[in-house]
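Single-structure report; data block below.
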Amino acid sequence: MKLYLATQNKHKIDEIAMILAPYSIQVIAAPFKKLELQSKNIEEIALKAVESIEPQDAPVAVEDSGLFIDELNGFPGPYSSYVYETIGIKGVLKLMQGVADRSATFISVIAVKTPQGEIKAFKGETKGTVTLQPRGKHGFGFDPIFQPLGSNKTFAEMSIEEKNIYSHRGKAAKMLAWWLRGII
Ligand code: ITT
Ligand code: NA
């Protein structure tokens with residue numbers, strides 16, 4: 001089976017492809033243009049985006065994600081991509097200077113549309129902390145400053161395989177795999 005993934009982010013493709021491969025689902029980077037909605041809700045953004053894509057000969061998916069920092073009332077959340085490109089990791093660490101509670105949650109929603117037009121969404125969440133300093137060279141985005149609960153490594157210190165065990169995207173992709181394979 002193949003699955004189209006409408007994204008510009010190659011890391012999302014690599015991570016999701018690794019989860020789906022054991023289920024014999026091949027991820028294909030899709031050039032489809034999707035709606036880029038402004039919303040406070042990751043799930044709504046992903047659902048509206050996939051709704052805006054015509055059904056294809058195989059399921060087509062979009063993934064929307066963000067880092068929600070408790071002490072910043074969920075910022076940058078749905079604005080994570082913009083915040084990463086503007087103030088970046090340095091700027092976020094600056095906002096967190098002197099903040100004792102460094103807890104944060106990464107959220108990923110994968111929305112999928114079948115060739116028949118059926119739509120489903122799968123949400124994965126990972127709690128952790130924003131580290132005091134960036135650590136690690138792997139991954140993308142805020143990976144160097146996010147340490148998931150249960151590990152002493154940041155996402156950027158993990159291989160894709162290890163990150164997938166802990167990550168929001170890994171959890172959402174696993175549910176997607178089960179659904180595509182009729183397990184759930
Ligand atoms: P597409 O919209 O083309 O899929 P994007 O990177 O713009 O790619 P989003 O709009 O979903 O994707 O933005 C999510 C941002 O949140 C992303 O750019 C990162 O800055 C951050 N992010 C999400 N998941 C992450 C992860 O696993 N590790 C590090 N940062 C992550
Ligand atoms: Na985006």
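Using the three backbone atoms N, Cα and C, a Cβ is placed for every residue, glycine included.
Listed in TrEMBL for this protein:
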| type | residues | note |
| --- | --- | --- |
| ACT_SITE | Asp64 | active site, proton acceptor |
| BINDING | Thr7, Gln8, Asn9, Lys10, His11, Lys12, Ser65, Phe140, Gly141, Phe142, Asp143, Lys163, His168, Arg169 | substrate binding site |
| BINDING | Glu36, Asp64 | Mg(2+) binding site |
Taking residues Thr7, Gln8, Asn9, Lys10, His11, Lys12, Ser65, Phe140, Gly141, Phe142, Asp143, Lys163, His168, Arg169, which bind substrate in the record, the widest Cα spacing (Å, whole number): 20
Site of maximum Cβ density within 10 Å, from binding-site residues Thr7, Asn9, Ser65: Ser65
Contacting binding-site residues, sequence order - Thr7, His11, Glu36 vs ligand 1, Cβ under 6 Å: Thr7
Rounded to the nearest Å - Cα separation of Ser65 (substrate binding site) and Glu36 (Mg(2+) binding site): 13
Packing count at Glu36 (Mg(2+) binding site) (other Cβ atoms within 10 Å of its Cβ): 11
Neighbour-count leader, CB within 10 A, recorded positions: Asp64, Asp143: Asp64
Length of the line joining the Cα atoms of Asn9 (substrate binding site) and the residue listed as 'active site, proton acceptor', in Å: 11
Rounded inter-Cα distance in Å - Glu36 (Mg(2+) binding site), Asp64 (active site, proton acceptor): 10
Same chain, 6+ residues apart, C-beta under 8 Å of the C-beta of His168 (substrate binding site), given in sequence order: Ser65, Thr105, Phe106, Ile107, Ser108, Gly124, Glu125, Thr126
Rounded to the nearest Å - Cα separation of Asp143 (substrate binding site) and Asp64 (active site, proton acceptor): 16
Secondary structure at Ser65 (substrate binding site), reduced by DSSP to three states: strand
